[in-house]
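Asks: Below you'll find the structure I mean.
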Amino acid sequence: MSNIHEHKILILDFGSQYTQLIARRIREIGVYCELWAWDVSEAQIREFNPQGIILAGGPESVTAENSPRAPEYVFNAGVPVLGICYGMQTMSEQLGGKVIQGVGEGEFGYAQVEMLLESALFKGIEDAISPAGRPLLDVWMSHGDKVSAIPEGFKAVAKTDTCPFAAMANEEKRFYGVQFHPEVTHTRQGLRMLEHFAVAICGCGTNWKPSSIIEDAIERIKAQVGDDEVILGLSGGVDSSVVAMLLHRAIGKKLTCVFVDNGLLRLNEAEQVLEMFGDHFGLNIVHVDAENRFLDAMAGVADPEAKRKIIGRVFVEIFDEESKKCANAKWLAQGTIYPDVIESAGSATGKAHVIKSHHNVGGLPDDMEMGLVEPLRELFKDEVRKIGLELGLPYNMLYRHPFPGPGLGVRVLGEVKKEYCDLLRRADAIFIEELHKADLYNKVSQAFTVFLPVRSVGVMGDGRKYDWVVSLRAVETIDFMTAHWAHLPYDFLGRVSNRIINEVDGISRVVYDISGKPPATIEWE
């Protein structure tokens, strides 16, 4: 079995919104990497023993007092270094170059850089040719400051009209700096540049791929738990489903999955989870039908935060009860993924991401005397999905839209009642079914229906009815931090509205939410 961690890249984070994207791109190439705070010690870097180091971007100005700097050891470790945006600027400044503050000359968005010299980083890469016969590259810029003088031993490799050092290189030391962002898709051949760095320049093998990650995870699970039994809270979501499949492959019947049906799931979701994991894959599943228990606990409660806390508390109570029945279980499995492990603004300076100990299951009892098994701890969400496909999980389950942890508990506004949940489930299923039929489901980032606790008058035949209102919500987003409402076709919305009003007895009106984020959030509660 190939060692998936044998070759690795270390990414030092200075606070850029794009830093996780760099890590995902390096992983995509097939190379393992980790994302650390910029203020790490020499001892930590030595212990990690990377084949190369990337200095990522950041919002600070290198010219400001006390702005972040790369550890000096980075430039003495004898490995290639790539500085991106702020990373290039701090590299330049620390090695004897100069950086000046941008005064109205920053570059933001699309830019074309002109190559001045050949470099190992850009070998064979060009998007166009200049009138002077030089290669041009389409890139994405996002900087105010710029390098005004490069350090000794470096050469200018690329420029723009306003940035004389858009890229620089010291080929002998294998130090490279780019003022643009190769990790974003707008930099047309950015992935090739990162591949040149990680594979050709750093000499990394490309062992980081789904099949190898699965093999490695299974071996590690076996080594960790031995012959012990393991318990897992299976929700039917992506992370817990992939953990279940990995553990099943590793330890078979020694895994017990606890599936708690809280009555707040999507239409037929409980049946689908039980059929797929129990009947089809043969996992050992304990099914707890707790709908009444959850609804009783939320009776009379309208505040969204209070509802979330109740749902979390009742889940923990039930999971604790069920885990005590599995007296031989020595390990608790969780679907913690790599972004859970990266926490903002907690380094020594408060200006970078740091690694933290993270427990993914909301508030599990502190007195649970079990070891923790987290087989997805090193993986990004897109990697988890690819592994799920490799393990045989269906595409439409792995790539469906996000669903909140409290489920319909935060999509029924105000007090949650069984009647409201049943109406919402059916209306939402129609909306999602029609999105699939119209080939629109994968064109929006998230779509769902919200139950509004208001009655509206409607006309059915010769009679009038006074029934409930639902709102359809669909958004387009890259990172879920900001979002635009999706401009779905009017005839499509009309079709969905007609079906819901005609097929779901109890709903008299359908509205469409046209709020962006900000100012609105994606979920209503």
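We count from 1, first residue shown onward.
Heads up, the Cβ atoms here are built off N, Cα and C, so glycines get one too.
Residues or ranges marked as domain 'Glutamine amidotransferase type-1' in Swiss-Prot (evidence: sequence analysis): 8-207. What Swiss-Prot records for Cys85 is active site, nucleophile, and it gives sequence analysis as the kind of evidence. The active site annotation in Swiss-Prot covers His181, Glu183, and the record cites sequence analysis as its basis. Swiss-Prot lists 208-400 with the feature domain 'GMPS ATP-PPase', giving sequence analysis as the kind of evidence. Marked as ATP binding site by Swiss-Prot: Ser235, Gly236, Gly237, Val238, Asp239, Ser240, Ser241.
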Asks: List nothing but the one residue from Glu183, Asp239 whose Cβ has the fewest other Cβ atoms within 10 Å; the candidates are the recorded positions.
Replies: Asp239
Asks: Does DSSP give Cys85 (active site, nucleophile) helix, strand or coil?
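Replies: It is coil.
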Asks: Just the number: how many Å between the Cα atoms of His181 (active site) and Ser235 (ATP binding site)?
Replies: 37
Asks: Ranking the recorded positions Cys85, Val238 by other Cβ atoms within 10 Å, which is at the bottom?
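Replies: Counting other Cβ atoms within 10 Å of each of the recorded positions Cys85, Val238, the minimum falls on Val238.
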Asks: Cβ within 8 Å of the ATP site centroid (Ser235, Gly236, Gly237, Val238, Asp239, Ser240, Ser241 excluded): which residues?
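Replies: Going along the sequence, the neighbours come out as Leu234, Val242, Val243, Ala244, Gly335.
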Asks: In the structure shown, with every protein chain counted, which of the binding-site residues Gly236, Gly237 has the densest set of Cβ atoms within 10 angstroms of its Cβ?
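Replies: Sorting the candidates by Cβ neighbours within 10 Å, the top entry is Gly236.
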Asks: Take every residue in the domain 'Glutamine amidotransferase type-1' (8-207), average their pLDDT values, and give the whole-number result.
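Replies: On average, pLDDT over the domain 'Glutamine amidotransferase type-1' (8-207) sits at 93.
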Asks: Distance between Ser241 (ATP binding site) and Cys85 (active site, nucleophile) at the Cα atoms, whole Å?
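Replies: A Cα-Cα distance of 38 Å.
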Asks: Determine the Cβ neighbour count for His181 (active site): the number of other Cβ atoms within 10 Å of its Cβ.
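Replies: I count 23 other Cβ atoms within 10 Å of it.
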Asks: I want to verify one value. Collapsing DSSP to three states, which class is Ser240 (ATP binding site)?
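Replies: Looking at the DSSP assignment, Ser240 (ATP binding site) belongs to a helix.
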Asks: So what sits near Ser235 (ATP binding site) in its own chain, CB-to-CB under 8 Å and at least six residues off in sequence?
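Replies: Spatial neighbours, sequence-distant, of Ser235 (ATP binding site): Phe259, Val260.
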Asks: Using other CB atoms within 10 angstroms as the count, which residue among the binding-site residues Ser240, Ser241 scores least?
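Replies: Result for the binding-site residues Ser240, Ser241: minimum number of other Cβ atoms within 10 Å at Ser240.
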Asks: With DSSP assignments reduced to helix, strand and coil, which class does His181 (active site) get?
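Replies: DSSP assigns His181 (active site) to coil.
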